[in-house]
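Colleague: Structure incoming, see below.
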Amino acid sequence: METIDAEDAACLRRIALLGGCKGPVRLSTQALGDQLGISQQTASRRLQSLEKAQMISRTAESTGQYVLVTRSGEEHLRREFAEYAKIFDVKDEQYVLTGTVMSGVGEGRYYMSIPHYQEQFEKLCGFTPYPGTLNIKLNPQSVLIRKRMDSLEWTIVPGFKDEHRMFGEARCIKCTISGIPCAIVVPGRTHHPEEVIEVISGTQLRDALDLTENSEVVVVIG
């Protein structure tokens with residue numbers, strides 16, 4: 001994961017405030033320098049540094065330079081926001097979990113393909129889950145946060161019995177990843193260690209977010 005210095009981070013925040021997370025914004029180095037109180041040359045170096053760190057992308061058109069905050073840039077800003085939230089003790093508390101994508105054993109795909117569970121999750125979470133789960137290995141600090149989340153109000157997904165076997169209940173809590181509605185699911189019986197969470201969504205998250213093994217993700221609850 002690329003890291004950036006404080007000056008580059010300030011530049012990234014300014015681009016985001018100008019709308020760079022929503023789409024490409026026309027931005028000259030002179031205008032950026034004026035807003036940040038730095039020279040045009042320094043502003044140009046800041047943009048080059050952010051582009052090298054893959055926090056932004058730039059395109060040159062006849063009407064000027066357009067700058068877009070990339071997904072990596074958004075995730076950096078989300079982590080920064082989470083730090084400020086801790087400092088100022090934001091109420092209606094948001095819990096932020098950070099971790100990396102890992103492969104599962106296919107258990108989630110099996111359960112998310114069962115019509116009963118699909119219907120329950122659609123009713124309780126507001127989306128029909130993609131048949132599969134995104135497995136995330138939490139970093140050590142997020143493991144502690146995840147434990148604190150057990151005191152929150154989780155939604156119970158009832159179990160059921162068919163002619164062959166009994167399917168146990170599960171619990172879930174709504175969350176988002178890069179703005180996409182999701183839910184953390186905890187089966188009644190789970191084989192995962194405490195540092196692993198399973199996330200469901202109405203979309204294939206790996207494809208939608210271009211995630212690969214060990215990609216870093218930020219999960220926001222609340």
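Cβ from N, Cα, C; glycine included.
If you look up Swiss-Prot, you'll see GLY104, VAL105, GLY106, GLU107, GLY108, ARG109, THR203, GLN204, LEU205, ARG206 marked as CDP binding site, on the strength of similarity to another entry. Look at Swiss-Prot and you will find THR133, ASN135 tagged as Mg(2+) binding site, backed by similarity to another entry. What Swiss-Prot records for THR190, GLU198 is FMN binding site, and it gives similarity to another entry as the kind of evidence. The region 'H-T-H motif-like' annotation in Swiss-Prot covers 1-94. Positions annotated as region 'Riboflavin kinase' by Swiss-Prot: 95-222.
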Colleague: Using a 10 Å radius around its CB, how many other CB atoms surround GLY104 (CDP binding site)?
Modeller: 16
Colleague: Secondary structure at THR133 (Mg(2+) binding site) (DSSP, helix/strand/coil)?
Modeller: coil
Colleague: Drop a 10 Å sphere on every Cβ of the binding-site residues THR133, THR203 and tell me which sphere holds the fewest other Cβ atoms.
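Modeller: The binding-site residues THR133, THR203 were compared, and THR203 has the fewest Cβ atoms within 10 Å.
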Colleague: For LEU205 (CDP binding site), just give me the three-state DSSP call.
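Modeller: The three-state answer is helix.
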Colleague: Cα-Cα, whole number of Å: GLU198 (FMN binding site) versus LEU205 (CDP binding site)?
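Modeller: Counting only the Cα atoms, the answer is 12 Å.
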Colleague: What count of other C-beta atoms do you get within 10 angstroms of the C-beta of GLU198 (FMN binding site), across all chains shown?
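Modeller: Excluding its own Cβ, the number within 10 Å is 23.
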Colleague: Determine, from DSSP, whether GLY104 (CDP binding site) sits in helix, strand or coil.
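Modeller: Coil, per DSSP.
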Colleague: Just jot down the residues in the same chain as LEU205 (CDP binding site), at least 6 apart in sequence, with C-beta under 8 A of its C-beta; none if empty.
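Modeller: LEU205 (CDP binding site) has long-range Cβ partners TYR130, LEU134, ILE177, ILE180, CYS182, VAL199, LEU211.
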Colleague: Please report the number of other Cβ atoms within 10 Å of the Cβ of ASN135 (Mg(2+) binding site).
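Modeller: A count of 19.
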Colleague: When DSSP states are grouped into helix, strand and coil, how many residues of the region 'Riboflavin kinase' (95-222) land in each?
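Modeller: Across the region 'Riboflavin kinase' (95-222), the residues distribute as 33 helix, 48 strand, 47 coil.
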